[in-house]
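Beneath this line is the structure, given in structure tokens, with notes to follow.
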């Protein structure tokens, strides 16, 4: 019987040191090659937990990375398989993310943005010349070689990259990160190299003003904006940007990929190749301020998602082998959330723009006019139940990358039963109609309390709202929003995920559901609401109240609360408080002045309906925010609220809060 020889080449040739990044099935560690003393970043993937498809993607990524040898691309130096583990040895990139470096600069101009996009385009051009399409260009994947001034920009994470022949256009699957997806991908048409140029256009837009061109709280509307090319250049921030810069953006964000500028052509654009005479040298302080908020929002979302995914060991679409290389600031596992329709759906995209009717190509675009800073800090609220199979129902969005290469319209049962392998992404994706794999940037370690709570979410099962066993088919009183996606054998993923996000529950039926209106009255029809609908209404109203608190909006808060509101809360030192004056003090002196981004998570809300006009909700509330030193913090409270409906509107008449104060005080 032959003896199997186990490869130990990595162990023999490299010495491992400290961790610089971590994912669900991988870790990135600094290493030194013994024979030369050179430092690298080793991405160590636990292959014992990978599926056959994950192995194929790992091989594809390694193969692509070997092809790419360019000064603006994180380079793969070695790929070694040992028993149970695969080692990818990349450049050790120590400069952190490009966007983080920009906000730390004392001076930043249009000419600097031109230099940044030039390096990004050089990297993209090399990829395209080598027959590679990156498919996930975004700020998290743009790193700096070192902390030295003028360090080169490095493109990282080729976990979603594909190989193409020449200018081949084909359907390679639904992949990318929501705010950076091109119209052709969203329309599920054949695509190719132009998708990378579209993403470059989005990045350039952000580099110039600090917020993205496309953004909406509703992901469906976000995709509609992108497909329509609905962006604009609002005053006053765009008034100081040169016409040449706007012209390049317009050529990059051209809806028709055949007419979109190529990387080679973009590098010859006067704003890029003649920046010293064409690009403005004026310092863009407002852009830097907006970028700070943009970065803070990305980091906060990334921290939450990273914790969720790493804790729950999701392994869906792929195991990123990306050059997570790298720096403490940009490594991490690119986790595929693809088939994971049950995981983390995000309602908000990466952006920060408030809505207006101003637009370039459509009347439905968004614009950052006037109130950008508040919009950039708009608090987010996530609701996490303990539903069937541990699905997370969320109303918030992250930078999740998505990848769905198998089919345009997966079967409902496939989607709903897909939390199986895990490799988590930022994402998504993310996420498009279905969340997926993308790289995470390492962040300060989240509070242990978060992971403890998330572990409990992972262990949880059962739908919080259910008061009895679930039936095999849809309940008799489902809303049209849920019945819609189930009315055909192959519904759109986004419809299903939207219904999950709205808290309508997980469809159980695998067969076709009857088409047509539901047997019970829709929630929009006057009269008593079905209990499940009323419970969702209570949860939604509670979210609105918490958003008003996080926004420091006393007027909105007062509209939701009864004037005689009574409460027990930590701030009152155990005393029963009646009326609004006690709360007004915090709004006027603390909440209204809070300039830090806030994210609120409502864990396992339980609603008790008391007759037709009263209800009680109990939940755990996590408030995540950035403290004065720029570090992520978390506070927790346990809350109960009593609601009474008057004149068709729910009002909070009493609440009881224990634990930490409601408002973050740092």
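Cβ atoms here come from the backbone N, Cα and C positions, even for glycine.
The model shown is predicted, which means the values in this text are computed figures rather than measured ones.
Feature region 'Calmodulin-binding', per Swiss-Prot, maps to range 291-301 of the set 258-268, 269-279, 291-301.
For the annotation phosphothreonine, the record in Swiss-Prot points to 287 among the listed residues 47, 254, 287. Residue ranges 243-252, 283-292, 303-312, 313-322 are listed, and Swiss-Prot annotates 283-292 among them as region 'Autoinhibitory domain'. Per Swiss-Prot, the phosphothreonine annotation among the candidates 359, 401, 640 falls on 401. Spacing of residue 287 (phosphothreonine) relative to residue 17 (phosphotyrosine) is 38 Å (Cα to Cα, whole number). Just so you know, the Cβ of residue 287 (phosphothreonine) picks up 26 other Cβ atoms within 10 Å once every protein chain is counted.
In the region 'Calmodulin-binding' (291-301), the DSSP tally of helix, strand and coil residues is 11 helix, 0 strand, 0 coil. Each residue in the region 'Calmodulin-binding' (291-301) has a pLDDT score, and their mean in this model is 82.
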